[in-house]
Amino acid sequence: MPTINVNKVDLERLSNISLSDKLIEDRFPMMGVEVEEIFEEVDKNGKKQNMVQFSINPDRPDYLSVEGLARGFRGFMGITTGIQEFEVLDSDIKVTVEENETRPYVAFALVKNVLMDEFVLESMINLQEKLHWAIGRDRKKLAIGIHDFDKVKAPFTYKEIKGDEIKFVPLGYEDEEMTPREIIEKHEKGIKYAHLIQNDKFPIILDANGEVLSLPPIINGTLTKVTPTSKNLLIDITGTEKEAVEETLNIIVCALVERRGTIVSVNVNGKKYPDLTPKSRIISVESINKKLGLNLNPGEIIQALKKSGMDALYEDGNLIVKIPAYRNDILQNVDLKEEIAINYGYEKFDGKLPSVATTGSKDPVEKKCSAMSDLMIGLGFYEVMNLTLSNQDTLFEKMNLKVDEKDYIEVLKPASIEHRVLRTSILPLLLETLYINKHNALPQKIFEVGDCVVIDEEDTETDTKCKNIKKIAGAITHPLTNFNEIKSSTEALLREFFEGFEFENYEHPAFIPGRCAKILKSGKEVGFFGEIHPEVILNFELEHPVVGFEITIE
């Protein structure tokens, strides 16, 4: 889980409550935020500062700043309850968006008169980087720019340019102008994120004078560098998913309101941002009490929702709940039930001992998976962990597989277009991992042991007609890798865990013909291995030969 370090004095100031170490250690975990450490550190001026390190659940990106954390704690403690109304002032600031294939979505907002100091500046920088990871997938999905608005002139333009079309001074090179192409070749951030630039097309944000604000997702220009004396902040979010871009903007501007900032709208191609209109959901009182095992009346439930920064209206057995725009984690009614449980108080729930004594033990399949992981690490592979949710493009299209929609399970209301299908295979995600890491040194040897979900029409025990199966997959990439290398690693794994296996020639669309083998155990196919087809390698934008295997674990 991501962690944040916050200054205790700053947290007290924003929470509007005196915070003893005991209060912090007792109450924050009850609202779902773990306290890792309370410690002292010396700042750059030689003064001792009392600090607190918190672990933040990935589903609460609004807690990734001291501002959001303090806002949540005020509600949890009953200091400030109910939904907060955010005023957004109109302006004539405009952004023109020209065609942009790489990162087509963009949102802007201006927050004026922020009470800026060293604490606020550090908090904003940390929030920016944490959101890059938590929502932005290390800037692949979205990138954030925060600028000193007083140093630029509206209107602004967001477009794509070629690598040598313009020069500007990037952050970190205070007096050296560079072209975008030079930045990805020489600048530390440019080298790190060069893989996000495609076909020599560089997204760029310019002001009315042609000055560069940002080269997303790489680096901002020095011109708009934010300092402790900045007070008017222009925020830009660019990315590949519209919903994620808009939600991230909402989180940032609502955090800045905690610093007495005033939100001002920006017109982006005719649409005003930010949109802080509360969302709403309808949930029945009966379903809440059934899930929580309680007998709360509507008033008690509404009070719990108010403590979580929401509001609700009771009508005919149902609650119409208003949810603030910065809460992107409320996806289903079960999320509301969790909020009610947290703010009702987990300490109020009665614990009951089961009437039957049981003895726990490790699941045999999990035990086998752990042993397989140890063996793969011994063979020089690095273990990775991907999400079970993926998409058709990664799982099938890039692998040259023709798959009927009946052969996989699709999420009805996905939170992201990248996570709309339950994976049926692990190997495609390993190729995606190699793409993300192709800027790192070779050779690269990775593996994963995990769940895949397949349709099971013969399932009579559940209504889902699907089941989880464990698989292990591995991949190797470097200029000289070949069939023999992956055969050697696969055989080592099979000899240890699969008795009576044999190989058979296999024609698989993702592999080179004649360089792929099927793995059989007692005449039943349990896996395959071989050299990945060059077309598939190019589909994943890889640059070197790749070999791989995948085996179903019984």
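Cβ coordinates are placed from backbone N, Cα and C, and glycine is handled just like the others.
Database features, via Swiss-Prot:
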- 276-351: domain 'B5' (DOMAIN)
- D329, D335, E338, E339: Mg(2+) binding site (BINDING)
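Those residues of the chain, other than D329, D335, E338, E339, with a C-beta within 8 angstroms of the mean position of the Mg(2+) site C-beta atoms are D59, S308, I330, V334, L336, K337. Less than 8 angstroms from the CB of E339 (Mg(2+) binding site) sit A304, L305, S308, M310, I330, each of them six or more residues away in the same chain. Summarising model confidence by region, the domain 'B5' (276-351) averages a pLDDT of 95. The Cβ neighbour count for E338 (Mg(2+) binding site), using a 10 Å radius over every protein chain in view, is 18. On its own chain, D335 (Mg(2+) binding site) has D329 as residues at least 6 apart in sequence with a Cβ closer than 8 Å to its own Cβ. In the shown protein chains, 18 other C-beta atoms lie within 10 A of the C-beta of D329 (Mg(2+) binding site).
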